[in-house]
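Working notes, beginning with the structure itself.
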């Protein structure tokens, strides 16, 4: 792989100061050079272990330190996870992500996690996990099980990070990304807009991500979901244009990465989401629950896709657009009655 040129803070700052209309044009041009602008990759996120997390991430309702009304749950049984994966596939998802609310997995959990990965892969889905800090051996075991992606967000800039989290250092996050990459697993890493950070901090986050030895294959950009009981519950709302600008700059700086709309889509209207797609977003989380917060209902996503002329990216088993659209529509006629998408924010 050719060496990636490193971005400088002055270059990123220049992008943040660029007129939005010009920025969107540049981002869309770059997007079309590397992706089909009418295709969006669809992922489903499941919380395989919910609540009682010992970390103090100020945005997260899963932290045991905050009273958010969330009930803790043990690690799910493997077959429960695989049944959720089957339903996700039937609803049109091509990637199944599994998140656990803890600082790091215990070695006793690894056999179950490996079985989950193998089972998801056997269904023809891409697999992704977000489990916190990993050791070298844990990363290798997940790789040998066939894990495609590992999510571990940087959240914000190194300078602002200490205002949000104190139980895990920024360097720990970078080290985990290195271990995942060394094990041969693709990297999923992004951050959150709306933590109280400055524009310079948003630039710093994207600078860190784009200047990794190999940029993440997948970059989730979250809009803060303010949950009562967390320290950030009263933060100011994120301006939609500021969020769209962040998406566009992520696309420009990481032209071959999937840029994913993650937490916060529920509070975005159709116009904001449409502009995010125009800015270069080409992946979404799809399902009933994201984090322990709402995600747009599947039928609303399908309606928006139709309005914009967007098609969900095809599954691993090749099929025509019409066939996939019909299958997706049929799945949406039977709304999900189990809250198995009660997942941790990525």
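Just so you know, glycine gets a Cβ as well, placed from its N, Cα and C.
What you see is a predicted model, and the numbers here were worked out from it, not measured in a lab.
Binding site for [2Fe-2S] cluster per Swiss-Prot: 97, 188, 260, plus 128 from the candidate set 128, 276.
If you average pLDDT over the domain 'Radical SAM core' (38-256) in this model, you get 90. Taking every protein chain shown into account, 53, 57, 97 are the binding-site residues, and of these the Cβ with the most other Cβ atoms within 10 Å belongs to 97.
The distance from the Cα of residue 97 ([2Fe-2S] cluster binding site) to the Cα of residue 53 ([4Fe-4S] cluster binding site) comes to 19 Å. You'll find the Cα of residue 53 ([4Fe-4S] cluster binding site) roughly 25 Å from the Cα of residue 260 ([2Fe-2S] cluster binding site). Of the binding-site residues 128, 188, 188 has the largest number of other Cβ atoms within 10 Å of its own Cβ. Note on proximity: among 128, 188, 260, the binding-site residues of the record, the Cα nearest residue 57 ([4Fe-4S] cluster binding site) is that of 188.
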